[in-house]
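Asker: Here it is, the structure, as structure tokens.
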């Protein structure tokens, strides 16, 4: 656990210091690769994330492309079981993600910062996701040899993947990690609740698949 926390701090220090131009260039390359990947996978229902101001792949272009290509787009909201009334996997009132369907790019652009991290999130009344084909996943670091992912430590995405499998008889969407070149790390120590990616798309445009 200490090794994982140290690695997280080291990677965060690097990516938080990156120039915006570097992140923008890599994010554009990733968006083009993701567009091709989703088209070839014949996917229709895609979950993405609203990127933070720094330290991760930006998703504005990806979301715009998804709407242009006729995908159904879903974005996450941070909530907790006492509010959502969803079943509990851990302690009472623990935090988790809900993905909501966005009907247009304008709807996305009109989102306001809210929630514990002041991210642009959907309002609670918007339609929730059921079946998802693809989830585009953020992270602090990714291992392109094994598919391992290290998040920010709160467990939101691993919790969502576990909930999804319980609700859908063991099935899960295609999990696609979006990774700046500066986020590539190996090895990444995993705990029993950590989910690995099905593929990772990197800032140089490469796509790494895992069985």
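Note that Cβ sites are derived from N, Cα and C of the backbone, with glycine treated the same way.
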Asker: For the substrate site, Swiss-Prot lists 152, 153, 154, 155, 156; sort out which one of 56, 61 goes with them.
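Answerer: Answer, per Swiss-Prot (substrate site with 152, 153, 154, 155, 156), from 56, 61: 56.
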Asker: Return the residue out of 130, 133, 194 that Swiss-Prot annotates for the same ATP site as 4, 5, 6, 7, 8, 151, 152, 153, 154, 155, 156, 157, 158.
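Answerer: The one candidate that Swiss-Prot places in that ATP site: 194.
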Asker: Rounded to a whole number, how many Å is the Cα of residue 152 (ATP binding site) away from the Cα of residue 56 (substrate binding site)?
Answerer: 11
Asker: What count of other C-beta atoms do you get within 10 angstroms of the C-beta of residue 153 (substrate binding site), across all chains shown?
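Answerer: Step by step: centre on the Cβ of residue 153 (substrate binding site), count other Cβ atoms within 10 Å, giving 10.
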Asker: For residue 56 (substrate binding site), just count the other CB atoms lying within 10 A of its CB, please.
Answerer: 22
Asker: Using a 10 Å cut-off on CB atoms, tell me which of the binding-site residues 4, 6, 155, 158 is the least crowded.
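Answerer: With the binding-site residues 4, 6, 155, 158, fewest surrounding Cβ atoms within 10 Å: 6.
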